[in-house]
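A quick write-up on the structure given underneath.
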Amino acid sequence: MAVSIGQPLESTIETNGTAYSFDEDPPDMPGLKKSNERFRLPHITDLFPDIVPKYSTFSTKSSCLIRGNVQGPLRAKELGKMFVDDRDRVLLKVIRYAHASSSGAECLNDDCTFEHWWLSRAGPRSHIYFEPTEVNAAIVTCGGLCPGLNDVIRQIALTLTTYGVTDVKGIAYGYKGFIDEKIRDIDLTPQSVATIHLMGGSILGSSRGNSKTSEIVDNIEKRGTNMLFVIGGNGSHAGAMAIHQECFKRKLKVAVVGVPKTIDNDILLMDKTFGFDTAVEEAQRAIKAAYIEAASAYHGVGVVKLMGRQSGFIAMYASLASGQVDCCLIPEVHFSLDGPNGVYEHMKTVINRKGHCLVVIAEGAGQDLVAGEGGTDASGNPILADIGQWFVKQAKKHFKEVGFPAEFKYIDPTYMIRATPANASDGILCSVLGQNAVHAAFGGYTGVTVGLVNTHYCLLPIPEVIREARNVDPDSRMWHRCLTSTGQPDFSPPHVESN
């Protein structure tokens with residue numbers, strides 16, 4: 001395949017006819033230099049500065065490869081506005097709060113000084129840093145199941161093919177597949193991935209826990225893999241970052257790109273992660289069933305436990321979407337069960353008013369009230385007590401002691417939700433994320449992940465998105481909307497001042 005050699009990319013940006021160094025702040029882009037330092041993306045040229053990029057073989061106008069010596073003005077005329085410029089930026093925060101007291105405000109001081117943070121835009125680049133016929137790509141899925149995994153796998157494989165890649169392997173059962181010789185790779189061709197998005201789960205399988213980074217990179221080097229796509233959450237991304245660093249240490253030309261996977265929607269900086277919309281939609285089935293059961297019983301109480309180890313986004317959005325939930329309990333908001341401001345009192349008030357009550361509780365809520373097993377699982381997540389069953393048991397006991405009859409109906413749809421195929425919204429998100437992951441790798445970026453930020457697809461350095469879990473802000477407008485919908489009071493334990 002003939003691929004033309006291009007010139008090195010320019011290092012300036014033009015604003016209103018004036019050229020500025022890309023390391024300076026143009027008048028209409030304050031904060032650009034600071035953003036370029038904080039959100040700088042690792043690149044293959046950091047390790048191999050003499051690499052000359054080639055014109056891309058990818059076409060956004062069709063699924064056909066761009067072949068032959070198409071370059072310069074002729075190329076621009078024929079292809080039009082096909083590519084994303086490496087200097088394109090997306091503004092991270094779009095709300096300028098007037099004061100620190102504004103709902104959801106994130107401020108540096110009382111005047112709420114606004115900081116401009118600019119992120120690199122995702123998408124196909126006009127120049128690529130890998131010869132497609134020499135690419136040996138690998139895809140791995142890690143952690144728990146999530147709607148949309150097969151959609152992402154499919155789009156990565158298809159987009160690689162569109163560039164001209166013919167060797168795409170699926171690593172079975174997470175990082176374990178790199179180490180265990182008994183586990184065989186899965187060939188991913190356009191034919192083999194054609195309909196996998198119609199199924200839930202991952203055709204590659206998955207597992208929790210990380211193998212030794214050095215052993216994984218040994219295997220990558222042995223295979224000759226030069227593009228690795230890691231689909232997983234914070235722990236899996238930490239593993240991807242370690243692999244990237246080890247590859248740099250060994251001076252291997254390997255692009256490591258992540259696709260954030262967390263059904264809980266708890267990845268920093270991003271609007272949402274794939275699987276979340278499907279989870280909220282599927283949760284409606286459980287909530288509706290619990291509502292019907294509760295409404296059909298005398299003093300019926302429906303309790304639904306939803307996913308959300310550290311972040312209550314699914315419980316909050318599902319409660320708001322349902323319109324039938326009377327009480328939403330999430331990890332970010334502490335609550336008391338007893339007393340005049342407790343959950344039990346609110347439940348009795350609701351039952352007395354309308355004859356039944358519906359409670360949604362996130363799996364990570366109330367862990368301070370119940371003794372858990374302690375420790376962490378193979379992925380480093382804290383082992384949680386089953387708050388759903390514990391809550392029902394304690395509530396039954398309380399209502400019996402106070403002589404208030406109540407009939408409880410408990411539903412835990414967790415595994416049914418995780419195993420379902422992605423809905424239309426998540427299907428689109430998965431497709432675009434998978435495509436942009438491939439564009440990032442061919443663009444020479446490594447140690448990065450792709451995500452949706454302020455409705456635009458961006459590339460972010462992995463360390464920025466795995467510093468901590470993203471949580472529901474109890475001062476945010478969305479949580480306030482949820483409280484308005486449920487009608488629940490403040491369940492916080494009464495404050496007792498110490499002497």
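Think of each number as a place in line: the chain as shown, counted from 1.
Keep in mind that glycine also has a Cβ here, set from the backbone N, Cα and C atoms.
Given the structure is predicted, the values throughout are model-derived calculations rather than measurements.
For ASP264 (active site, proton acceptor), the number of other Cβ atoms no farther than 10 Å from its own Cβ, over all displayed protein chains, is 28. TrEMBL lists ASP264 with the feature active site, proton acceptor.
Taken from TrEMBL, the feature ATP binding site covers GLY144, ARG208, GLY209, GLY233, ASN234, GLY235, SER236.
Sequence annotations record features per position, and here TrEMBL assigns Mg(2+) binding site to ASN234. If you take the C-beta of ASN234 (ATP binding site) and look for same-chain residues 6 or more apart in sequence within under 8 angstroms, you find THR262, ASP266, ILE267, VAL465, ILE466, ALA469.
According to TrEMBL, the feature substrate binding site maps to THR262, ILE263, ASP264, MET307, GLY308, ARG309, GLU363, TYR415, MET416, ILE417, ARG418.
According to TrEMBL, the domain 'Phosphofructokinase' annotation covers 137-440.
Among the features that TrEMBL reports, site 'Important for substrate specificity' is placed at GLY235.
Residue environment of GLY235 (ATP binding site) contains 19 other Cβ atoms, counted within 10 Å of its Cβ in all protein chains. The binding-site residues considered are GLY144, GLY233, GLY308; of these, GLY144 has the fewest other C-beta atoms within 10 angstroms of its C-beta. Taking Cα separation as the measure, SER236 (ATP binding site) is nearest to ASP264 of the recorded positions ASP264, GLY308, MET416. Separation of the C-alpha atoms of MET416 (substrate binding site) and GLY233 (ATP binding site): 20 Å, rounded to the nearest whole number. Long-range Cβ neighbours of GLU363 (substrate binding site) (same chain, at least 6 residues apart, Cβ-Cβ under 8 Å): LYS305, LEU306, MET307, GLY308, ARG309, LEU384, ASP386, ILE387, GLY388, THR414.
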